Structure formats: C-alpha cells, structure tokens
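Asker: Have a look at the structure that comes next, please.
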Amino acid sequence: MGNSTNNIKDNNVENNNVTQNENVKLSLKEKISYGFGDFGNGFMFDLGQAYLTKFFIDACGIGAGAVAGIFSITKIFDAFMDPLAGSTIDGRKNIGSSGKFRPVMMISSIILAILTVVTFTMPNVSMTTKIIYAYATYMIWGVMYSFTNVPYGSLASVMTRDVEERSELATFRQAGSLGAQLITGVAFVPLLMSFKNPRIGYPIAAGIMALIGVISFYICFRNTREHVKVNRSGKSEKATAKDYVRVVFTNRPLLCLILMTVFTISAMNTNNQMMIFFCQYNLGSVGFQPIINFIMIGCSVVGISLIPKMVKKFGKKKTAMIGFIVGVIANGLNFILPTNIYSFIILVTIGYVALAIPNGVTWAFVSDAIDYGEWHTGIRKEGITYAAFNFSRKIAQSVAALVSAGVLGLTGYVANAEQSETTLLGIKGAMTLYPALALGMAAIIVSLLYNLPDDKYRRIAKDLEDGKWENGFLE
C-alpha cells in the first residue's frame, strides 16, 4: 500500500508512541463505528460467498465442477496473500496520525468495491475464456480483500485491552456482519429479478451493494481510533516466512482458533451458498430465500446481543461451546426430519443463531491471541497474527466452495431444471448435515486446545500494560 496511506489524516488521534490507557473504555459511537467495518465488508464479501456460485453456474453457464475448482483454487491462493498483507502492514514505516491499520483498510476497501462489480461481470466470450476470466478476477479480488480485512481485523487489538470492551467490540462486529447478510440476503434477489437479463442485473446489484460497503468502511475509518501503542521499539520490519510460522506455532490460542475457524466459517458459508439452491429446488421457489434469510439472520442479530452477558457469566470458551452444541443438534435434526418449510425455518434459524454466537466471540479470541503472542514472545505482530487467523478463513471458504459446488457436480445438478432425488438430498445434506459435522469438530478442537481463560488473559493484559512479557520487560 506504500506511503500513500500516510496521506489520510484526521484529528484527535493519539500518537503511535504514546499510550494513555490501554484498557480504555470505548464510547458507544466508536463501538458502533467499528461494527460498520464488517457491515461494509459483508456487502462485498458475503455477497460473493452467497451469490457468486449461482452467477457462475446459472448466469454464465460454467459447469459446477469448474466452479468448484475456481473457488477452491483461488481461495487457497488468497490464503497465502494474508501473510503478505500482514507482513506488509507490520513492516510499514513512518506511520502517520491516522494510525497503522485504518488508512490501509480505507484505501483497500475502495479498490475492493470496484473489483466486486468486476467479479459479477462476465464478457460474452468462449467458455474457456470465461473460466480464465473468473479465475483471474476472483484471485485479484481476493488479494485486495486481504489488504482490507487484515487491517480491519487487527484494528480491534489496538482499540483497547479491556476484556469486556473487546467482547462488546466482537458483538458489534458480528452485528455488522449479520446486518449486511440480512440486507444482502433479503434485497439482492428481488433487485436481481427486477432485470430481465441476469448478466446485467448481477453487476448493477453488486455495484449498489459495493457502494454501501465503501460508505460503511468510511464510517469505521472516521470514527475509530488506535488507542493502544502498536510499536514499542519504534522499529518496523517486514516479517519473514519463518516469523509467520513462529507466530502460529508458539501461540496455542491462535492455533486453536485457526483450526476451529476452518470448520465454523465453512459451515456458515456452505449454508449461505446452498440456501438459494435449497429454496429454488427443495422448497419449490427461489422467492422463499429472502423470507428465510430475513427470519434466520434477523433472529441472529438479536441473538448476538446476548454475547456480552454470556461472556460475563460463562467466559468466552464456554459461550462458544454452548453455540456449537446447539448448532450441532439443530442442524442434525434438520437433516434427519423430512423437508417441511415450517420445521426447516425453525431449525435453520436456531442453527444459524447458535453459529453466530461462537463466530461473534471469535473476534475477541483473536485480539486476546495477539496480546498472548506479545506476552509469550516479547514481540507484537498484529498484522501477521491476524493474517494467520484469516488464512484459516480463506481455507474455510475454499472448503465451503468445494462442498457446495462439489455436491452439485457429484449429484448431477442441472441448472434451471427439475432436479433428481439424489441432487435434492445432496443439496439438503450440504445445507444441514455438513454444518452439523463441522460444528461438532469445532467443539472438540476448542474443548481440547484452547488454554487462555479470561482470568489468565487479565493477568497478561496487566503485564503488558506494565511493560512486561513472560520473561522480562518489553523494549
């Protein structure tokens, strides 16, 4: 991103070398504004996760097998862009008054919005060229997504170290994400159906959503601050591959999050990608999709408001475990029971709310893992730590794409035609059985590996505020 990020200025921002209170109590305005970042993110990222598969298969005529390859290969490629983004951000020098993360996030989000429209645009060319175009545009989109989401995700770690404040930030972030899913899930299909030609409707609808995304990122940029000092030594060096590996494997909470996230995010994305297919073919009308999304995601927005109280009562780990267990039961029942729109809506809503709870807590887990890494090693690396976590999200997205498009291909899906019983069962299994199995695996991982309870984290945060790490004093 270069030094151009230093040209974005704002007033009343703490100098990077000064920390007034690392356990700062954030204003409601700042918390809401932070949530707007993931709200904006959803208008570009969640849009692609939910609708790009159908755009490629139904509007562009690309085969399901080829689409599975496009998503799985590009996501694996994208996963390796996160360490690049993280090390680039950690290696920034001459950090201006806007801070280390906020300006990179803002500039990248504008480029990401343009690329979002490009990915939903397909020229009238041969099938081979279409596939090449899809690979190229989605890969480039993924690179810029890394340079948007890594600084945004890292931002929470430098806003405050207070445990409860971080839990609230995580809640506002998850609320923003679900809010975007709610709007895109309810509005995108009706907006698309207002155009006779879907190849015109997709880019126009995506452009409207992307514009909302940029405005939301600006609200986040404008009203948040980096209160916690991010560079104690005043030196910035680009991280190497060795640094990246060391950050991951010396940080047990981070390693746990990486493994857990592969399952939680792939469960969520598979649900989102298959919903439009399930409504169109299993329930008989694509018109059910906005209604179900409104109920499912709307209830999740309400449900995550319980996260701060649950974390205060049970702690972050137990709160996540509650969500996993409820999600396994709800999704498992939804697969076993005969397809009925009423029972389906009830169970898919319970399952989605249950998944939203650990996904919301995850953002607080990440900030804690960043601090744990500094306390354990004496070196603070927000960028590559968050990049390592985000790497798992990209792998999860690849898994979800492989499950979704792979199931369609293996069960003989034919676009815009009556589907076989095998295909219908495959769609239902991807929608319900896979999330149940994935959340079960996530529960096992967290119960066995996560070793940073809230009381231990409070001691770590106090040490860091006093300039200490596990084996001495920070430079």
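Using the three backbone atoms N, Cα and C, a Cβ is placed for every residue, glycine included.
Relevant sequence annotations retrieved from TrEMBL are reproduced here:
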- 101-120: transmembrane segment (TRANSMEM)
- 132-155: transmembrane segment (TRANSMEM)
- 200-223: transmembrane segment (TRANSMEM)
- 244-268: transmembrane segment (TRANSMEM)
- 288-307: transmembrane segment (TRANSMEM)
- 319-337: transmembrane segment (TRANSMEM)
- 343-366: transmembrane segment (TRANSMEM)
- 395-413: transmembrane segment (TRANSMEM)
- 433-452: transmembrane segment (TRANSMEM)
Asker: Looking only at residues six or more beyond either end of the transmembrane segment (343-366), which have a C-beta under 8 A from one in the stretch?
Answerer: 153, 156-157, 163, 166-167, 169-171, 173-174, 177-178, 253-254, 257, 260-261, 264-265, 267-268, 271, 283, 292, 295-297, 299-300, 303-304, 306-307, 310-311, 316, 319-327, 330-331, 333-334, 337, 385-386, 389, 431-432, 435-436, 439, 442, 450
Asker: State the residues, same chain only, that lie 6 or more residues beyond the ends of the transmembrane segment (101-120) and have a CB under 8 A from a CB inside it; answer 'none' if no residue qualifies.
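Answerer: Long-range Cβ neighbours of the transmembrane segment (101-120): 1, 4-8, 37, 40, 44, 47-48, 51-52, 55, 89, 92, 134, 137-138, 140-141, 144-145, 147-148, 151-152, 154-155, 158, 202-203, 205-207, 209-211, 213-214, 217-218, 220-221, 224, 226, 382.
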Asker: Same-chain Cβ contacts of the transmembrane segment (200-223) under 8 Å, 6 or more residues past its ends?
Answerer: 8, 10, 29-30, 33-37, 39-44, 47, 51, 55, 59, 102-103, 105-106, 109-110, 112-114, 116-117, 119-121, 148, 152, 176, 180, 183-184, 188, 191-194
Asker: Under 8 Å for C-beta pairs, could you tell me which stretch among 132-155, 395-413, 433-452 has the largest tally with the transmembrane segment (244-268)?
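Answerer: Most contacts with the transmembrane segment (244-268): 433-452.
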